[in-house]
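K.L.:
Feature list, courtesy of TrEMBL:
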type	residues	note
ACT_SITE	His503	active site, proton donor 2
ACT_SITE	His503	active site, proton donor 1
BINDING	Tyr213, Arg512	chloride binding site
BINDING	His371, His375, Glu399	Zn(2+) 1 binding site
BINDING	His371, His375, Glu399	Zn(2+) 2 binding site
DISULFID	Cys136-Cys147	disulfide bond
DISULFID	Cys340-Cys358	disulfide bond
DISULFID	Cys528-Cys540	disulfide bond
CARBOHYD	Asn56	N-linked glycosylation site
CARBOHYD	Asn90	N-linked glycosylation site
CARBOHYD	Asn325	N-linked glycosylation site
SIGNAL	1-20	signal peptide
Amino acid sequence: MLWKACALLFFVASIGSSFGDRNNITAAKIWLEEYNTEAEKVRPEAQEASWTWNTNITDYNNRLKLEAEKKKSEFDKRSYNQTLNWDWKNFTEINAKRQFYKIADIGESVLPTDKFQQITKAKSNMQSVYSKARVCNKPGDQDPSKCYPLNPTLENIMAKSTDWKELAWAWEGWRNETGRKMPDDYEKFVELANEAAGMNGYTDNGDYWRSWYETENFEKQMEELFIGLKDLYKLLHAYARKKLKERFVGHPFPDSGQIPAHLLGNMWAQSWGNLFTLLAPYPGKPLDVTEMMREQNYTTRKMFDLSEKFFTDLGLDPMPPKFYNDSMLDKPEDGRDVVCHASAWDFYNRKDFRIKQCTQVTMDWLITTHHEMGHVQYFLQYKDQPVVFRRGANPGFHEAIGDVLALSVSTPKHLKKINLLRPNQNPDDEELQLNFLMNQALKKIAFIPFGYLIDQWRWKVFKGETKKDEYNEDWWNLRCKHQGVSPPVQRFNTDFDAGSKFHVPNNTPYIRYFVSYVIQFQFHKALCKEAGHNGPLHKCDIDQSTEAGNKLAAMMKLGSSKEWPDAMEAITGQRKMNVSDLIEYFAPLEDWLKKEVKNETLGWDDQCGRIWGNGMRTKSIFIAIYIIFH
C-alpha cells in the first residue's frame, strides 16, 4: 500500500531528526534508498497512464492520466516535505546532496491540489486539441466534409506540393484547428506554472526551466552561440530564397527579405530537407534513399532492426525483450486518435522502455528511428542510477545522442555499407559529398534559429513581457527577426500560431534542441577521433568502433549525477559549448554557398514585410488611428 510505504519513508526520515541530528548522512542515505524504491513504483504507474492516453486518446483515458499525475504529484510533494528533515544543503557527501537537490525540485507538484488539477487540465486540453486536429475544405475536394490529419496527409502536402494555394490552405488550416483554440488554456497554464516556479524559489517558469542547465548567464551563452551561427544560416537562407523565387515566379515575396513560411517544405519551416531536390548543388546526384528502401521492401521493423544493429555494433546494449511488443511503431489502423509525434519513453523500472511514432518507410524516418533509439540507449545506460539521476546531463544531451549517431548513419559511406546507395553511386564522389552536406544543412543549419527562438518567445511570456493579446505578434516578430520567415496570410491577435507546434501545447522546453544541434558536432568530432577517423569531419562514420561506443557509454552512464560540463569533458575533453566543430563540418558547403549567393542580398529586415497584413492586434489599429487624428 502506498500509504504504508510513505509512512516508512517518514519513519526513516525521522531517524536523522529524532536525535536532533539533521546532518546524519547514514540515515539520509537509507531514506534515499527507500525513496528510490517507492519512486520506481509511482513513476511507472504515471508513465503507463500517460502512454495509454497518448496511444488511445479518449476522455476515459484522459481521466486515468490526470488521476495518475495527481498521485505522482502527491508523492513528489510528500517526498519534498521529508527532505526538510535534513540539512542536506550542507552535506559534504556530493552524490547524496545532489540527489536531495533533485528530489526537492518538484516543479508543478508544489501547487495546491486544486491548482495542480487546473494546470494538468489546461495542458491536457491543449494536447487533445493538437492531437485530434483535422483540416477540412481542401481546394478541389468534391466532398467538403472530408478532413485531413497532420500525419501523414498535411505533412506530405507541405513536403511535396508546389501549389502556392494548396500550401497556404494546409498551413493556415492547421493553425486554425490547433493554436487558435488554445490561448485561454495557455494563459491559465502560464499563470499556474509561474505560481509553481515562485513557490519553488524561481522568478518565473522560464527561470525554472533554465535552472536545469546549472549555468550562470545561460541566456547570454545561448545568444553568443546563436550569433556564431547566423552568418552560415544567412548564406543558406539567401540561396533558398533565390531558388524559391525561381520556383514561384509571380507570387508575392515580401520586400523585407523574409521567405513566406509555407514554402519551406515543413509545416513550421523548421527543417528544409524536403527542398533538397530544388536546392541540391548537383541535381543529377540524389541522396534520398527512400526509393531504394522501398525497392528492398523495407518495413518499420527492418528500420528498427537496422538501427539496433548500429548500436550493438558499437558495443552498446540491445533493446530489452519488452521493447518491440510494447512500443507503438506504426500508426494504428483501427482509426483511434493517437499522438503521432515521435518520442521515447523511460518507465523508470529499469526494464520497460518504449518508442511511440507513426513510422513511414522513408529516409527521414530511418534517421528519426536512430534518433529515438538513441534516447532509449541513453535510458539503458543510466538505468542503474538513482531515479532522480535518470535523465541527460542537461536536456540538450539527450537530444544530441541520437543525432550524433545519425551523423554517421546518413553519410554516403555508411549508406553504401548498408546497400542503400545505387551501384553507380560512389560515396567518395565530391559532388555527391556536397549534396550530402546540403541535405544535412537543410536539416541542421535551417533549424538553428527556430530552435533558438521558441523559448525566447516563451521566456518573454513567462516574464510577463508578452501578454495574451500579444502572443501572436511577438511570436512573428521573433520569427521574422531571427529566422527570416513571414506568414503567408494575414495574422491577427486571435491567432496563436505558437500553439501549432507540438512542443508548446505539450509544455516541452525547446532550447534543448538548439543546444543539441551545437554539442552533437562536438561529440561527433570526439568520437571520430576515438574511432581513428582521418579526413574531413563530414565524412566520418563511427560504425563498428567499440572504442567510440565505450567512450559514449561512459558518458551516458553518468545520467545527471554530474553537472553537464563534467559529462562534456568525459567525451570531448572540453567543458564549454562552442560552434567551431559545427562550422568545420559544413566548411565545404559554406565555401560553395558564398559563390552561389555573391549577387544576392544577405539577411532581411527585423520586421515582417507586406505579407504581414493590416495590423496584428486591435491595439495596433487604435494606435494608428490615434496617430492619424493627432
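Placed from the backbone N, Cα and C atoms, the Cβ positions cover glycine too.
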K.L.:
Tell me the Cα distance separating Arg512 (chloride binding site) from Glu399 (Zn(2+) 1 binding site), rounded to the nearest angstrom.
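P.N.:
Roughly 7 Å, rounded to the nearest whole number.
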K.L.:
Cys136 (disulfide bond) to His371 (Zn(2+) 1 binding site): how many Å between their Cα atoms?
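P.N.:
Answer for this pair: 32 Å between alpha carbons.
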K.L.:
Please give me the CB contact count at 10 A for His371 (Zn(2+) 1 binding site), counting all chains in the structure.
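P.N.:
His371 (Zn(2+) 1 binding site): 23 neighbouring Cβ atoms within 10 Å.
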K.L.:
Given the binding-site residues Tyr213, His375, Arg512, find the one whose Cα is closest in space to the Cα of Asn90 (N-linked glycosylation site).
P.N.:
Tyr213
K.L.:
Select the closest residue to Cys528 (disulfide bond) from the following binding-site residues, measuring between CA atoms: Tyr213, His371, His375, Arg512.
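P.N.:
For Cys528 (disulfide bond), the closest Cα among Tyr213, His371, His375, Arg512 is found at His371.
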K.L.:
Tell me, if you would, which residue among Cys136, Cys147, Cys528 (disulfide-bonded residues) has the fewest other CB atoms within 10 Å in the structure shown?
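P.N.:
It is Cys136 that, of the disulfide-bonded residues Cys136, Cys147, Cys528, has the fewest other Cβ atoms within 10 Å.
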K.L.:
Using C-alpha atoms, which one of the recorded positions Asn56, Asn325, Cys340, His375, Cys540 comes nearest to Arg512 (chloride binding site)?
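P.N.:
That would be His375, nearest by Cα distance.
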K.L.:
I need the nearest neighbour of Cys540 (disulfide bond) among the recorded positions Tyr213, His371, His375, His503, using C-alpha distances.
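P.N.:
Of all the candidates listed, His371 is nearest in space.
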K.L.:
Around Asn56 (N-linked glycosylation site), which residues of its chain at least 6 apart sit with Cβ under 8 Å of its Cβ?
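P.N.:
In sequence order, the residues whose Cβ lies under 8 Å from that of Asn56 (N-linked glycosylation site) (at least 6 apart) are Arg336, Asp337, Val338.
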K.L.:
Spatially, which candidate from the recorded positions Tyr213, Asn325, His371 is nearest to Cys340 (disulfide bond), comparing Cα atoms?
P.N.:
His371
K.L.:
Taking Cys358, Cys540 as the disulfide-bonded residues to compare, which has the smallest set of other Cβ atoms within 10 Å?
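P.N.:
Minimum Cβ neighbour count within 10 Å, taken over the disulfide-bonded residues Cys358, Cys540, occurs at Cys358.
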K.L.:
Using an 8 Å cut-off from the Cβ centroid of His371, His375, Glu399, can you name the remaining same-chain residues around the Zn(2+) 2 site, in sequence order?
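P.N.:
Residues close to the Zn(2+) 2 site, other than His371, His375, Glu399: Ala344, Glu372, Gly374, His398, Ala400, Ile401, Gly402, Asp403, Ser516.
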K.L.:
State the count of C-beta atoms found within 10 angstroms of the C-beta of Tyr213 (chloride binding site), not counting that atom itself.
P.N.:
20
K.L.:
Who sits close to His375 (Zn(2+) 1 binding site): which same-chain residues at least 6 apart have their Cβ under 8 Å from its Cβ?
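P.N.:
Set apart from His375 (Zn(2+) 1 binding site) by at least 6 residues yet with Cβ under 8 Å, we have Ala344, Ile355, His398, Ile401, Gly402.
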K.L.:
Enumerate same-chain residues with a sequence separation of six or more from the residue listed as 'active site, proton donor 2' and a Cβ-Cβ distance below 8 A; give 'none' if the list is empty.
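P.N.:
Result: Ile454, Pro509, Tyr510.
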